[in-house]
Amino acid sequence: MLLDHAAVTEALGVAIPESVTSVSAVTHDSRDVVPGGAFVAIPGFLADGVDFVPQAMERGAALVIAERDVPGAPVAVVPDARRALARLAVEVTGRPSEKLTVYGITGTNGKTTSSYVLHAILSAAYGAEHTGLMTTAEIVVGAEREAAVRTTGEAPLVQGTLSRMVEAGVQHVVLETSSHGIHLDRVLGTRYAAALFTNLTRDHIDLHGTMEDYYLTKRKLFEWCKGPRLSNVDDGYGRRLAEEIPGTLTFGLAEGADYRIVNERVEGAGTTFELHTPSGALDLRTPLLGDYNVHNVAGASAIALEMGMDTDVLVRAVEAMGQVPGRFERVPAALERGLEVVVDYAHTDIGLEAVLDVAREVAGSRSANARVICVYGAAGDRDKAKRPLMGQVASRLADIGIITTDDAYSEDPQAIADEVATGADLSRTAIVLDRRKAIEHALAQAGPGDVVVVAGKGHERVQHLPDGDVEFHDATVVTEILVARG
Ligand SMILES: CC(=O)N[C@H]1[C@@H](OP(=O)(O)OP(=O)(O)OC[C@H]2O[C@@H](n3ccc(=O)[nH]c3=O)[C@H](O)[C@@H]2O)O[C@H](CO)[C@@H](O)[C@@H]1O[C@H](C)C(=O)N[C@@H](C)C(=O)N[C@H](CCC(=O)O)C(=O)O
Ligand SMILES: Nc1ncnc2c1ncn2[C@@H]1O[C@H](COP(=O)(O)OP(=O)(O)OP(=O)(O)O)[C@@H](O)[C@H]1O
């Protein structure tokens with residue numbers, strides 16, 4: 001919507017040039033400026049947005065918002081450009097979150113899976129056309145699905161998507177909310193109706209510096225949300241959150257959890273457990289495998305129930321939901337050939353441990369001799385401390401490890417692999433830098449009963465390499481190799 005001079009001034013809280021009569025849109029990227037829109041110059045980690053003001057002006061920017069004056073441009077000087085970006089994005093899109101029921105999901109692991117479970121429950125209750133989802137894997141607006149660029153996009157994307165959802169008739173939205181999203185003000189000004197915390201383990205230390213800062217960042221979601229708040233009682237930080245934010249309810253295995261997981265067991269192609277709720281026990285059956293997924297299903301169910309969900313609808317929705325893209329995703333072409341190949345997004349030592357534990361369990365249920373073969377690697381330009389830890393975990397839990405290239409970004413893939421290898425048992429580990437060849441190597445060794453885990457990239461379709469981006473989708477590559485093999 002068009003914001004007039006007064007509305008822009010109020011949103012920013014600072015004076016804007018008299019010449020600026022209105023603003024029709026806002027962006028932080030000069031390449032996306034539209035005539036009559038505002039350009040927010042962000043002092044970034046790599047570049048200074050002020051350097052792109054000439055480009056923004058050429059594209060017809062009506063207003064430039066920056067943390068310092070830019071001679072020759074119509075500038076509003078603000079103390080914090082990212083906050084200004086968020087405030088303006090909320091206003092220019094008509095405050096969409098106030099017209100929606102937004103469920104925020106945060107935590108180190110399990111956000112995407114919990115989001116899909118909750119989305120499945122909400123879709124069953126209110127209709128897919130009235131339900132939306134923003135996750136690492138996808139953005140879903142009613143019946144429309146599109147690939148996501150990152151977990152929590154920049155404020156114009158978040159607010160713009162929420163606004164599209166309002167227009168499309170969506171009422172309930174699951175918004176996966178990363179710590180980057182909170183720290184970099186990408187979700188500032190969003191009204192959350194309910195919030196869920198999955199867990200907190202070492203990750204993103206490059207951004208936060210300390211675990212304490214990481215935790216306090218996530219805690220903000222619970223400070224903002226005035227509706228039901230659910231926290232994982234089996235996680236230390238989850239317990240702390242429940243203690244620190246009054247009114248927070250808990251879910252998990254521990255005695256005393258408001259929503260307690262009881263009698264969990266793997267049955268047939270899925271997992272069954274009881275969820276003891278404040279108003280009675282439910283028998284839940286999910287097609288998802290793995291202990292951690294019981295927590296994801298329990299958390300999503302608890303929040304839905306706290307929001308008034310009908311229990312029969314919930315039980316049916318949990319049972320009927322499909323697979324989550326790139327989260328212990330079983331490749332059909334492998335199953336058709338009597339093999340078990342699983343694609344998983346795990347890209348930290350903790351995530352790798354979780355997925356390999358499940359793979360071991362699945363292999364053990366097939367035969368005593370079944371092996372776990374793991375293809376994995378670490379990303380470049382990110383927390384380096386986890387690299388040897390990933391090597392350690394893979395060697396402890398997999399029979400054969402193949403270290404390969406993940407998203408190397410600007411780093412040398414060989415150097416990353418060497419760092420990962422310092423933690424690995426080299427007698428059972430190969431380094432195959434080419435990701436396709438690494439997968440081929442794993443598949444060539446797999447026999448019936450064995451479980452091959454291709455970890456790290458999950459649903460992603462692009463690999464970021466020092467020489468540029470290449471298309472790469474693990475599940476597709478596995479399928480291509482198996483089909484070529486006949
Ligand atoms: C570390 C990080 O989060 N960086 C984010 C940060 O980048 P930055 O500040 O370094 O931006 P920059 O490249 O220095 O550029 C500064 C400014 O100039 C602008 N620019 C740049 C070029 C140009 O031609 N014109 C222009 O206007 C940029 O849009 C930017 O606003 O601000 C940018 C815009 O605000 C983000 O796009 C960028 O996300 C990068 C791409 C990213 O990969 N982020 C990841 C780590 C991330 O956010 N991950 C989380 C967590 C996922 C999880 O839970 O695992 C997520 O939510 O996805
Ligand atoms: N509740 C959980 N506890 C621990 N590990 C989990 C949990 N749920 C999922 N995982 C592991 O973490 C991986 C990522 O899961 P998911 O994508 O659901 O989490 P996420 O928080 O969205 O992660 P990211 O922010 O990296 O996308 C899974 O493939 C699994 O290995």
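FYI, residue positions are counted from 1 along the chain as it appears here.
Backbone N, Cα and C atoms are what each Cβ position is placed from, and that goes for glycine too.
Nobody curates TrEMBL annotations by hand; they come from automatic prediction.
Features reported for this protein in TrEMBL:
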{"type": "DOMAIN", "residues": "23-89", "note": "domain 'Mur ligase N-terminal catalytic'"}
{"type": "DOMAIN", "residues": "105-304", "note": "domain 'Mur ligase central'"}
{"type": "BINDING", "residues": "Gly107, Thr108, Asn109, Gly110, Lys111, Thr112, Thr113", "note": "ATP binding site"}
{"type": "MOD_RES", "residues": "Lys218", "note": "N6-carboxylysine"}
{"type": "DOMAIN", "residues": "326-458", "note": "domain 'Mur ligase C-terminal'"}
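Shown on the structure are the features that TrEMBL records.
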| residue | record | DSSP class |
| --- | --- | --- |
| Gly107 | ATP binding site | coil |
| Thr112 | ATP binding site | helix |
| Lys218 | N6-carboxylysine | helix |
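Take the mean position of the Cβ atoms of Gly107, Thr108, Asn109, Gly110, Lys111, Thr112, Thr113, the recorded ATP site; other residues of that chain with a Cβ within 8 Å of it are Ile105, Ser114, Thr198, Asn199, Asn296. The CA atom of Asn109 (ATP binding site) is located 13 Å away from the CA atom of the residue listed as 'N6-carboxylysine'. Fewest other C-beta atoms within 10 Å: among the binding-site residues Gly107, Gly110, that description fits Gly110. When DSSP labels each residue, the domain 'Mur ligase C-terminal' (326-458) comes out as 58 helix, 24 strand, 51 coil, counted as helix, strand and coil in that order.
With helix defined as DSSP H, G or I and strand as E or B, the domain 'Mur ligase N-terminal catalytic' (23-89) counts 22 helix, 15 strand, 30 coil.
The binding-site residues listed here (Gly107, Gly110, Thr112, Thr113) include Gly107 as those with a Cα within 10 A of the Cα of Lys218 (N6-carboxylysine).
Of the listed binding-site residues, namely Thr108, Thr112, the sparsest Cβ surroundings within 10 Å are found at Thr108. Less than 8 angstroms from the CB of Thr113 (ATP binding site) sit Leu288, Asn293, Asn296, Val324, Arg327, each of them six or more residues away in the same chain.
The Cβ of Lys111 (ATP binding site) lies under 8 Å from the Cβ of Ile105, Thr135, Thr136, Thr151, Glu176, Thr177, Ser178, Thr198, each on the same chain and at least six residues away in sequence.
All protein chains included, Asn109 (ATP binding site) registers 22 other Cβ atoms within 10 Å of its own Cβ. The average pLDDT computed for the domain 'Mur ligase central' (105-304) is 94.
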